[in-house]
Amino acid sequence: MAPLGGLFLVLLVAAMASSTVPFSSAALPRFEQPIKSDGSLSLLAVGDWGRNGTFNQSRVAFQMGRIGDDLDVDFVVSLGDNFYEDGLTGVDDKFFEESFTSIYTAKSLQKQWYAKVAQLFFVDTTPFVKKYWKTPNKHHYDWREVAPREKYVSNLLKELDSALSESTATWKIVLGHHTMRSVSDHGDTEELVERLLPILEANGVDLYVNGHDHCLEHISSNDSPIQFITSGGGSKAWRGVFDPTVDKLQFFYDGQGFISLQLTKSHAKIVFYDVFGTVVHQWSAAKNFNFFM
């Protein structure tokens, strides 16, 4: 990982059950995203968006284009639930054009989109959530190359733990779809808190960023430096849904919006934007190191 080695480790946790990868027989797939000549990296992250431009999706997209231009973003991450309500029927489904291609038209957004999501590591969190395995269910899930669940999850956790522990990156960031900590509709995902969170804490992960709840959130862990970030305001928002958490709530906004993430070797900055592109919250951190030649 020459361009990113020692600076950033971004682990993106896939949200789509149909996008499965057989971890029992292969290591986590790795992807590289070159950094800028000054050693920085910037991106936008948005989740829960595809609704033909309705529910303010088009307005959020416009502001993403404006901020993307200001920051000269390197790529965009979609945090899952990309096409409502029933996904795509195939590669020729016109809904892709109506909800993606014709919506995110700004020049600054014509960059790589990691939409399932995947950047450095491709992991699937959906099998963690037990309710998806219950029958009967109004939804159908394709569990090929995933079942049996426990074997898949165990192998996934081993691969993730290994990738994180071997990394010498300054910033370790995990992005996914399901909430780890949340004060909105879905709340904490118990299975992720029990099985994934301890691995993130043990390996010094700085950020866990997700969608799933249709709002913007920033929650600080009481037990570790991990910051929990929700960016699920790509279109339809859930107004007035709030349930306090045991961790420290830094920010909550029950409307549409998105976030930007800027990284250098020594600094990280997250900015939250509402549907008008107004900065509604921001967080930054610094890491200082002494280097000996």
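A Cβ is built for glycine as well, from the same backbone N, Cα and C atoms used for every other residue.
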Per TrEMBL, ASP81, TYR84, HIS214 bind Fe cation 1; matching candidate in ASP38, ASP48, ASP247, ASP254:
ASP48
Pick from HIS186, HIS212: which one does TrEMBL list with ASP81, HIS177 for the same Fe cation 2 site?
HIS212
Please state whether DSSP places ASP81 (Fe cation 1 binding site) in a helix, a strand or coil.
coil
Under 8 Å Cβ-Cβ from ASP48 (Fe cation 1 binding site), six or more apart in the same chain: what's there?
LEU79, GLY80, ASP81, TYR84, GLY211, HIS212, HIS214, GLY232, GLY233, GLY234, SER235, LYS236
